[in-house]
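Chemist: Pasting the feature list from Swiss-Prot:
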BINDING   Gly166, Ala167, Ser168  NADP(+) binding site
Amino acid sequence: MPASLIDGREISALRRNELKQRVQHHVGLGQRPPGLAVVLIGNDPASVIYVSNKRKACEEVGITSHSYDLPAETTQEKLIQLINELNQSDKIDGILIQLPLPKHINERTIIEHIKPEKDVDGFHPYNLGRLAQRNPFLRPCTPLGIMNLLHHYELNVKRKHAVVIGASNIVGRPMSLELLLAGATVTICHKFTQQLQKFVEIADFLIVATGKMDVIATDWLREHQVVIDVGMHRLPDGSIRGDIDFKKAVEKVAWITPVPGGVGPMTIVTLLENTMMSAARLRE
């Protein structure tokens, strides 16, 4: 029997509608619309598409998107100067720096210059530290979006074994913290993990964020599993797929996210929700 689909498009649409009403209520109280600064350095095609989608999503819910498109040769000093200005601006509630950055700019340095209360990506060490200490505020968008998906479908991770494949600062590590916060027993696998198959086979929840296709063989999967595929790869024919072979996996597991249409839409709506949360807090 094919797996049940975890539909990120449907759930993100519901959450966007709820958020739109919250923004309208916020403005109805005499506040300006929440403001999100979206900073793009260079013209990487994938980044341009991602930024365009985020700006469009802002418009749909009533958040004001402030665009800062900088040339690829922008210096680190110039970027920090812009961030400092955005930190001080009373029109900006959230700051998003589109990653990856050009090689001459230090990603960690840039993230640490963003005010934690405007760090709507949730990457600042302060915000990650709060998550680790079980007192989160602004949380990384993809992991939180995944947790919201699981919650909607009543897929409870408490007392279950969750295996995270990938240990990036953006997904893998904060994902493990979210799962731990929710009461799961968590195993993190990475490029140095031995006997990866063994960990995959014993997972109740499998979150795959390797950035590579087919690291996880389909015959490792089990019929009771919930599989969350964070990967996104564009194939030569223009189609998009995830880290896992969806067509095979959907016939083996209990629940699975499609790619596209699974995790991606939830990441964007969570970014908008973080921006609204930041705006509300900055008004307190």
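Count begins at 1; order follows the chain as displayed.
Placement of Cβ uses the backbone N, Cα and C atoms for every residue, glycine included.
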Chemist: For the binding-site residues listed here (Ala167, Ser168), tell me which residue's CB has the most neighbouring CB atoms inside 10 Å.
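Modeler: When each Cβ's neighbours within 10 Å are tallied, Ala167 tops the list.
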Chemist: Would you count the other CB atoms within 10 A of the CB of Gly166 (NADP(+) binding site), including those on all shown protein chains?
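Modeler: A 10 Å sphere around the Cβ of Gly166 (NADP(+) binding site) contains 24 other Cβ atoms.
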Chemist: Apart from Gly166, Ala167, Ser168, which residues in this chain have a Cβ no more than 8 Å from the mean position of the Cβ atoms of those residues at the NADP(+) site?
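Modeler: Along the chain, the qualifying residues are Val164, Ile165, Asn169, Ile170, Val171, Gly172, Arg173, Ile188, His190, Ala209, Thr210.
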